[in-house]
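Novice: Can you read through this structure? Questions will come right after.
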Amino acid sequence: MNVFFMFSLLFLAALGSCADDRNPLEECFRETDYEEFLEIARXXXXTSNPKHVVRVGAGMSGLSAAYVLAGAGHQVTVLEASERPGGRXXXXXXXXEGWYANLGPMRXXXXXXXXXXXXXKFGLNLNEFSQENDNAWYFIKXXXXXXXXXXDPGLLKYPVKPSEAGKSAGQLYEESLGKXXXXXXXXXXXXXXXXXXXXXXXXXXXXXXXXXXXXXXXXXXXXXXXXXXXXXXXXXXXXXXXXXXXXXFDEIVDGMDKLPTSMYQAIXXXXXXXXXXXXXXXXXXKVTVTYQTPAKXXXXXXXXXXXXXXXXXXXXXXXXXXXXXXXXXXXXXXXXXXXXXXIFLTCTKKFWEDDGIHGGKSTTDLPSRXXXXXXXXXXXXXXVIIAYGIGDDANFFQALDFKDCADIVFNDLSLIHQLPKEEIPSFCYPSMIQKXXXXXXXXXXITTFFTPYQFQHFSEAXXXXXXXIYFAGEYTAQAHGWIDSTIK
C-alpha cells in the first residue's frame with residue numbers, strides 16, 4: 001500500500017463494536033454518522049432558523065461547509081487568508097504547453113463516497129489514477145530491479161527470514177498489520193484503537209508481528225513508509241483498512257482543484273479572499289470575528305457561530321477570546337504535521353514509455369524517493385514526472401534552491417532508468433517545485449499525523465467547541481490527509 005501518496009479521497013470512521021465482521025478493522029473506523037453526512041452532501045436540507053455563520057479558511061473543509069450551509073439558507077461569510085480558494089488542493093497548468101499537475105492531493109479513492117457525490121453534483125469528470133506499474137523500477141542499494149521482479153526483498157540484498165522470502169515489501173507490511181488486526185478482532189473496537197494508538201508502526205511490525213528487522217527496513221525503503229515509521233499504528237491501520245478495501249483510485253480530469261473551485265463559484269459572493277482572521281471573540285450568544293483586509297484595515301463580522309477550519313498549525317495562530325479549553329490548545333500545539341516537497345519535470349519525450357511504464361511510480365532510496373509518472377493524458381506531447389518526498393524525505397529539499405533540486409532529480413532519474421545523465425535535461429525541464437513547508441497560509445504542513453498515544457489523548461479535544469466557536473479543520477477528522485474526511 002502506498003503510504004506515500006497520502007493525498008486523495010477516502011472515507012473512514014468512528015468506533016463501533018467490531019467483533020464479527022468480514023473486515024473488523026474497517027468496521028472499527030466507520031463513523032456512525034457517515035451516512036447522514038452523505039445524505040447532506042447529496043441533497044441539502046433547508047433550515048427553518050437561518051443564522052449568520054463565519055467560516056475561517058476556504059480550503060476543502062471550509063468550502064464544503066459553507067456550500068452546504070448556504071444551500072440550507074444560512075447567511076455565510078468565508079474569510080480566506082490567501083488569494084485563492086481550495087487550500088492544499090491546487091493545480092499548476094501551462095495552457096500554452098497543454099499540461100497540468102496536481103500540487104496537492106492527486107487521487108480520490110473510489111470508496112470515498114462524500115467526495116464522489118460532490119464531484120457528480122458539479123459534473124466533474126473522473127479518470128482512473130494509476131498507482132502501481134509492474135514495469136516501473138526499484139533503484140535501491142545501487143541495484144535496479146523491475147517492480148514486477150522485486151517481489152522478493154532478498155533480491156534487494158535485505159537479509160530476511162525464510163518465512164519472509166519471496167514476498168514483496170508491501171505484502172510483508174500488510175501481513176504484519178494484519179496480524180496486529182487479527183489480535184484486535186477479539187476485543188471491542190474502542191479497546192483495539194487504544195492499544196493500537198500506543199505503539200509506533202515500526203515497533204508494532206517488529207514486536208507484535210515478529211517481522212525481522214531487515215524486513216522492516218525493506219518495507220521502509222520500498223513501500224516508502226519510512227516517513228510514517230513514527231506515526232501511531234492506529235493511523236497506519238486506518239489507512240490500510242480504507243485503502244485495501246477499495247484498491248481503485250480516481251483523479252479529477254483537469255486537476256483536483258476543480259472541486260474546490262466549483263464550490264467556490266457557487267458561493268463566491270459570500271467569500272472574501274486575502275482576509276486573514278486575527279481573533280474570534282464570543283460574547284453571550286454572538287461571535288465577533290476580527291480580520292485584516294488587503295487595505296490593512298481591521299474589519300469585524302458579527303455572527304451566530306464561527307467555524308475555524310484551518311490547518312492545525314494555523315489554528316494556533318488565531319486568538320479565541322473565550323479561551324479554548326486547555327486540552328484543545330494542547331492538542332493543537334502538539335499534533336505533528338508532515339511536510340512534503342513535490343518537484344515537477346515537464347518532458348517533451350515520454351522516455352519512461354520505452355521501459356513500458358504508463359503511469360504508476362518508481363521507488364528509490366536516493367533523495368527523490370518516489371518518482372511518479374503522471375498518467376493525466378495531456379493533449380499536447382508534453383507529460384509530467386513528479387518526484388515526491390514526505391516528512392524527513394521532504395526536509396532534504398527544503399534548503400536547496402530550484403536548480404539544485406532539479407539536478408538531484410535528474411541524477412536520480414538517470415540511475416533509475418539507466419540513461420546518461422546529460423540526456424534527460426535535453427527533453428525535460430524543471431517546471432515547478434512545491435514546498436508545502438514554505439507556503440505561508442498552510443503554515444508548513446500538508447497533513448496531520450498522530451504519533452503514539454495522541455489518538456486517544458487528542459482526537460476528542462481537538463474537535464471540542466468553545467462556546468459558539470467550532471473547530472473543523474482536517475486535523476479534527478479521524479483519518480488525516482484525505483479530502484473525504486476533510487469535507488465531512
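Numbers here mean position along the shown chain, with the first residue as 1.
The backbone N, Cα and C atoms fix where each Cβ goes, and this holds for glycine too.
Found this in Swiss-Prot, in case it helps:
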type: BINDING; residues: 60-61, 80-81, Arg88, 104-107, Glu474, 481-486; note: FAD binding site
type: BINDING; residues: Arg107, Tyr388, Gly481, Trp482; note: substrate binding site
type: DISULFID; residues: Cys347-Cys428; note: disulfide bond
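Explain the structural surroundings of these features, please.
Specialist: With a 10 A radius on its CB, Pro105 (FAD binding site) counts 28 other CB atoms from all the protein chains.
Remark: Cys347 (disulfide bond) has Unk382, Unk383, Val384, Ile385, Phe427, Cys428 as non-local neighbours, by Cβ distance under 8 Å and separation of at least 6 in sequence.
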Novice: Could you check the recorded positions Met60, Cys428 and say which one's CB has the fewest neighbouring CB atoms inside 10 Å?
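Specialist: Counting other Cβ atoms within 10 Å of each of the recorded positions Met60, Cys428 gives the minimum at Cys428.
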Novice: By CA-CA distance, flag whichever of Met60, Glu80, Arg88, Pro105, Arg107 among the binding-site residues is nearest to Tyr388 (substrate binding site).
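Specialist: Closest candidate to Tyr388 (substrate binding site), judged by Cα separation, is Pro105.
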Novice: Check Glu80 (FAD binding site) against DSSP and tell me helix, strand or coil, would you?
Specialist: coil
Novice: Tell me whether Tyr388 (substrate binding site) sits in a helix, a strand or coil according to DSSP.
Specialist: strand
